[in-house]
Amino acid sequence: MTISPPEREEKKARVIVDNDPVPTSFELWAKPGHFDRTLARGPKTTTWIWNLHALAHDFDTHTSDLEDISRKIFAAHFGHLAVVTLWLSGMIFHGARFSNYEAWLSDPLHVKPSAQVVWPIVGQDILNGDVGGGFHGIQITSGLFQIWRGWGITNSFQLYVTAIGGLVLAGLFLFAGWFHYHKRAPKLEWFQNVESMLNHHLAVLLGCGSLGWAGHLIHVSAPTNKLLDAGVSVKDIPLPHEFILNKGLLTELYPGFASGITPFFTLNWGQYADFLTFKGGLNPVTGGLWLTDISHHHLAIAVLFIIAGHMYRTNWGIGHSIKEILENHKGPFTGEGHKGLYENMTTSWHAQLATNLAFLGSLTIIVAHHMYAMPPYPYLATDYATQLCIFTHHMWIGGFLIVGGAAHATIFMVRDYDPVVNQNNVLDRVIRHRDAIISHLNWVCIFLGFHSFGLYVHNDTMRALGRPQDMFSDTAIQLQPVFAQWVQNIHTLAPGSTAPNALEPASYAFGGGIVAVGGKVAMMPIALGTADFLVHHIHAFTIHVTVLILLKGFLFARNSRLIPDKANLGFRFPCDGPGRGGTCQVSGWDHVFLGLFWMYNSISIVIFHFSWKMQSDVWGTVDAAGNVTHITGGNWAQSALTINGWLRDFLWAQSVQVINSYGSALSAYGLMFLGAHFIWAFSLMFLFSGRGYWQELIESIVWAHNKLKVAPAIQPRALSIIQGRAVGVAHYLLGGIATTWAFFHAHILSLG
């Protein structure tokens, strides 16, 4: 940390705006394509509508003025936040108006969550299944009831108020988006002042946000949940404001409150140990993390981030400068190191977005795993349908975000990369030895593909020939995941040793006891064996192929031996012009397109693995003697060793419910299962046929229309190659995801 001389204090945190830079014009809004000179002329061919959608949010094509682009993105963020808060408000309103939340709250072990009742128009009311407690509706698997219980919400009136609050917030965000584009628009200098932005995001949003949440957890959630756990009737539990206003109510539950704020300033923090705990493990009543542990966690996070928010140099000449940190970051093998990255990040929002998407996508996948290993909300762990669905949901989201990160990194390379700024820095050096990177990665993919798949092929062959003693399995030739087992073991031994104050392990997935709630397993040690070793290497294979495709698109975005001037062709182009055969499907966009399919492969294997492994080795019932009966009876270790086992004992065996769902409350999933298969198959029509085929067909149809004097004024055109592939991949992913959704839901919901 340095104190800088006055001439270096170039980044004063000032509020710098332009007043009324862009008039609010409804006439402009009413003109489709007003942002593009060609589109504004109106449609001549049907391609116009596709280009309109492709370019509406591509602000780079509207203007080259970085300040205007920055303002548009900033305003769009407020619009996005408005949509999110509106959507959440709708969810919470459903909970208030159409749900059995209060019935569920009084008996979460036997009443299932439902927040939608179908109206009987053509017999759809068959979908309103009996969810217990005399309520009929569609069972939901979003985990919202469990979250609300964790928040401390005890009645539907509180949900109504929260829903209205969400609407108000959405209105404020919409106003803010309009205001900061049309009335008071920040100057480019404000957007590029990274130190001030870090201070605000770290200290205010993350730090104070976590601190506020810790306050809510301590003063409202923890006492409410403690009373609910003790079996106190909902109507006898004090309302949130009563806990806040009446200290006596809190002191009864947590005596540490009696000493007030004094122990904080006298550093006698042990006084607070009853509501800021470090227990580890799960609450045996609810199967969720201890709310007092969660409070402690958020308080610690708040302290860290509030300190972090004070580390960067703004108005007072002390603290770090991001540019200096980056430019001093040199190693013996990295040339100019991170020099130039500051300029990349502050002049290219694509570069900034790419890193954010990669981080956020990875974080989302980490969240997916924490949700079952350390279930944060009460009664989440024993709601198997919700557990399966939120895992699947977070995995898909994470996959899409990571591919988006690669997409925007590639757009940065094409549109924003400046070779003058990036001379012998890490980015330049990576690009210059891209051949070594890609060829090695390709070798890794081939190795993993042949070996991981080869193990399964061997096992299928041995089983087919009746030679089980020659298979790779826990009972024949063992391939134990010894490193994973070692990691599990050190985590199990941590309480009392490396984590001296923890009472239980961080997660029972590593080891320890079985936590059962109401006779159902919430979490227990997940034993790993040969079958896990095999599928782990399939994961490694699919992830590495996804990375290969996306990284190749990024590293060869500007040029390649095949097309040296690729940067001039843009992010998406079909081929390198006429007379250059073999140059199709090489654009940055095409790599993202291919990467999406491999992302789909990767995530599909992960969610299938999770679904079967949990049903086989974790989820199930516990009798009075402590014996566990798993849903699929522990068949993972022997069945998941062969491809045939995956097809027969997972896909086929567990599709029974969706295939036989007609005439039951789950019949919508049967229809969705078929419908989504059709959407998926429809995608193949776009992916397997060429543009010329369709253009010929269209011209024949136009001829017939001309004969009948009904030819349209807007000339029909076949989709371009890129448009066709975009429609294809969209339907492929939509169809595949919805098929999986119906398959998982019908199976897991039918198990109760």
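Cβ atoms are placed via backbone N, Cα and C, with glycine included.
Now, the feature entries from Swiss-Prot:
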- 73-96: transmembrane segment (TRANSMEM)
- 159-182: transmembrane segment (TRANSMEM)
- 198-222: transmembrane segment (TRANSMEM)
- 294-312: transmembrane segment (TRANSMEM)
- 349-372: transmembrane segment (TRANSMEM)
- 388-414: transmembrane segment (TRANSMEM)
- 436-458: transmembrane segment (TRANSMEM)
- 533-551: transmembrane segment (TRANSMEM)
- CYS575, CYS584: [4Fe-4S] cluster binding site (BINDING)
- 591-612: transmembrane segment (TRANSMEM)
- 666-688: transmembrane segment (TRANSMEM)
- HIS677: chlorophyll a' binding site (BINDING)
- MET685, TYR693: chlorophyll a binding site (BINDING)
- TRP694: phylloquinone binding site (BINDING)
- 726-746: transmembrane segment (TRANSMEM)
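Looking at CYS575 ([4Fe-4S] cluster binding site) and HIS677 (chlorophyll a' binding site), their Cα atoms lie 32 Å from each other. Here the C-alpha separation of TYR693 (chlorophyll a binding site) and CYS584 ([4Fe-4S] cluster binding site) works out to 17 Å. When each of the listed stretches 198-222, 294-312, 436-458, 591-612, 666-688 is scored by C-beta pairs under 8 angstroms to the transmembrane segment (726-746), 666-688 comes out highest. Distances between the Cα of MET685 (chlorophyll a binding site) and those of the binding-site residues CYS584, HIS677, TRP694 are shortest for TRP694. Packing against the transmembrane segment (294-312) from elsewhere in the chain are residues 1, 194-196, 198-204, 206-211, 213-214, 217-218, 221-222, 275-278, 319-322, 376: each is 6 or more residues past its ends and has a CB under 8 Å from a CB in it. Distance from the CA of CYS584 ([4Fe-4S] cluster binding site) to the CA of the residue listed as 'phylloquinone binding site' is 18 Å. Across the structure, HIS677 (chlorophyll a' binding site) and CYS584 ([4Fe-4S] cluster binding site) are spaced 29 Å apart at their Cα atoms. Using a 10 Å Cβ-Cβ cutoff, CYS575 ([4Fe-4S] cluster binding site) registers 16 neighbours.
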